[in-house]
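Undergrad: Annotations per TrEMBL:
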{"type": "BINDING", "residues": "Asn45, Val47, Gly72, Glu93, Asp121, Asn138", "note": "S-adenosyl-L-methionine binding site"}
{"type": "DOMAIN", "residues": "52-223", "note": "domain 'Ribosomal RNA adenine methylase transferase N-terminal'"}
Amino acid sequence: MSDEASTAPALAAGPAAPATLLGPAEIRDLAELLGVAPTKKLGQNFVIDANTVRRIVRVAGVEAGTRVVEVGPGLGSLTLGLLETGASVVAVEIDGRLAEQLPITVGLYQPDAELTVVHEDALRVAELPGDPTALVANLPYNVSVPVLLHLLEHFPSIRTGVVMVQAEVGHRIAAAPGSKVYGSPSVKAAWYGAWRTAGQVSRQVFWPVPNVDSVLVAFERHAEEYASEALRKRTFKIVDAAFQQRRKMLRQALAELLGGSEAASALLEAGGVAPTSRGEQLGVDDYLRVAHAWADRDADGVPPSLR
């Protein structure tokens, strides 16, 4: 443990009445103590409003016994709000200073809380203790979608969750087919579960104040997995190709991936999709049917030149 981190108890000498959450002054003091300046590179914006913290926890339905994974806990604002309910928390933090300090902060404010800190990049984490059942996080703006999809792919124990993300990203994740903001993240998120926006978050509750608004996005995982991992990968390849050229008809947008426009048209029709459709018109079920048709064609031994 660093000398800086070991001086943290002086920070807790504050309020006369026991406090369980961090306030704006404590957050700024703690950041100064650690020499932490929030960076755009890591997408760091710390929540400094206790009411917002408790609102997130309430929307997420976290209660005693819930096993939560939190990504990017930062200085611990949301972490303490989650632990306050009696939930256990596994916090994944990439910043070594913050990862080292978090148990100290929690020990000062909630000494009996059940916290495990994993010092790792959330985009690379492959194992988490305790099979978490809920994801609750203030996700870094610059990697929110990749982190979300990585966790859902690798940790099927996660059944529900609420994430706070940039408003534009949140609306895209929860968008339905036909929406102007519907895109690749919408389809991929829908593979794993049902999504909804769950409220706006003022930029004024963050430090530093970001240049964008935020929203809460809630999800419930599907009761059963959609299909095999192999079919998921095929489906996601089709989705990526469809939205890389979203203004083109799918028979053209998928031509390079599927072996030409005629081959693409045949697979689209086999999947019950009109070749003249565009990517934003299809739901995840439509994409999965096309992936099934693609897999069936490959299984039939069609030469690679015609695939």
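Cβ coordinates are placed from backbone N, Cα and C, and glycine is handled just like the others.
Owing to the predicted nature of the structure, the values given are computational and were not obtained by experimental measurement.
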Undergrad: Output the one of Asn45, Asn138 that, of all these binding-site residues, has the highest number of other Cβ atoms within 10 Å of its Cβ.
TA: Asn138
Undergrad: What does DSSP say about Gly72 (S-adenosyl-L-methionine binding site): helix, strand or coil?
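TA: Where Gly72 (S-adenosyl-L-methionine binding site) sits, the three-state DSSP reduction gives coil.
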Undergrad: Checking the spread of the S-adenosyl-L-methionine site as listed (Asn45, Val47, Gly72, Glu93, Asp121, Asn138): what is the longest Cα-Cα distance, in whole Å?
TA: 21
Undergrad: Sort out for me which one of Glu93, Asp121 has the most neighbouring CB atoms within 10 A, since those are the binding-site residues we care about.
TA: Glu93
Undergrad: With an 8 Å cut-off on Cβ-Cβ distance and a minimum sequence separation of at least 6, pull the same-chain contacts of Val47 (S-adenosyl-L-methionine binding site), or say none.
TA: Val53, Ser77, Leu78, Asn138, Met164, Val205, Phe206
Undergrad: If H, G and I count as helix, E and B as strand, and all else as coil, what does DSSP give for Asn138 (S-adenosyl-L-methionine binding site)?
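TA: DSSP call for Asn138 (S-adenosyl-L-methionine binding site): strand.
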